[in-house]
Amino acid sequence: MENKNQTGCRNFLLLGFTEDSDLQSFLFGLLLSMYLITIIGNLLIILAIISDHHLHMPMYFFLSNLSLADIGFTSTTIPKTLLNIHTHSKFISFTDCITQIFFFIVFGCLDNLLLTVMAYDRFVAICHPLHYVIIMNSCFCGMLALGSWLISVMSSLPETLTVLRLSFCMNMEIPHFFCDLPEVLKLSCSDTLVNNIIVYSITIVIAGFPFSGILLSYYQIFSSILRIPSAGGKYKAFSTCGSHLLVVFLFYSNGLGVYLSSAATSSSRMNLIASLMYTVVTPMLNPFIYSLRNKDMQKALGKLLRKMMLLGEGTIAGPP
């Protein structure tokens, strides 16, 4: 019984990136900058879509949900990391760790499902344009978005709740900057067979099937684009799904990078870098990807920024 964790000792130790104080200061500034860019960029996307009636379409409705999911995904891990660096503390309570695991899985699953829904939206728009308005009606789109949220929560619950039954050894050090579920399971003194079965089963269903759906959708999309006779028509059709395709590539390539880095090497540094790309860099880049090549989004963002500037000038000037 000596190797098991006592009831009162319920803190994990997040080892983070480095012990070097100078490097920690640099990391704090870097992570804070990336986090603020992620929050502001995705918030602007959401506000632009809400404020511009020209963007009240299924594609942008799902994009606003994706931006909200990206905010949640990044906010699950980075604020605690910044707090630990600032306070020179590495502790995270058991309750906070479980909460972090739950929301990390929720928003990770949600990103995955929303990307699948967006691929289906592009499939209907390009392969069945005459029926697009009928198929992708507001009620159906709402059900797809709500279903994605509910499935994400229901997928996270079994993985998270089964951790509560585990006992943990005296070594509570997690070689990561957040409570990564596989790393937490490694610290358990209990049998984690049930946990691993649940994790792998849910991963296959929530990641494997949606990814297959994305591949199938784009197979149909590319087949339809190749049948368009004019080069201009092909470019126009492809441009409507180019941004989504790039986001899908970033999301799954970085996710695969996390898995391969943990499976192929025992280096915690490589795992940290891969996880940072997955949890921070991809959500930060998504607003730029969807706005730089999208003229409608650029116009909406321009209008929104002008309104905000006018509102700010009016606030500063005060009442006459």
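From the backbone N, Cα and C atoms, a Cβ is placed for every residue, glycine too.
According to TrEMBL:
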- 41-290: domain 'G-protein coupled receptors family 1 profile' (DOMAIN)
- 26-50: transmembrane segment (TRANSMEM)
- 98-120: transmembrane segment (TRANSMEM)
- 132-151: transmembrane segment (TRANSMEM)
- 197-219: transmembrane segment (TRANSMEM)
- 240-260: transmembrane segment (TRANSMEM)
- 272-292: transmembrane segment (TRANSMEM)
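Non-local neighbours of the transmembrane segment (272-292) in the same chain are 17, 31, 34-35, 37-38, 41-42, 44-45, 63, 66-67, 70-71, 73-74, 77-78, 176-178, 180, 243, 246-247, 250-251, 254-255, 257-258, 260-262, 298, 301; each lies 6+ residues outside the stretch with a CB under 8 Å from one of its CB atoms. Residues 59, 62-63, 65-66, 69-70, 72-73, 76-77, 80, 92, 144-145, 147-149, 151-153, 155-157, 159-160, 163-164, 178-181, 184, 206-207, 210-211, 213-214, 217-218, 244, 247-248, 251 of the same chain lie 6+ residues outside the transmembrane segment (98-120) yet bring a C-beta within less than 8 angstroms of a C-beta in it.
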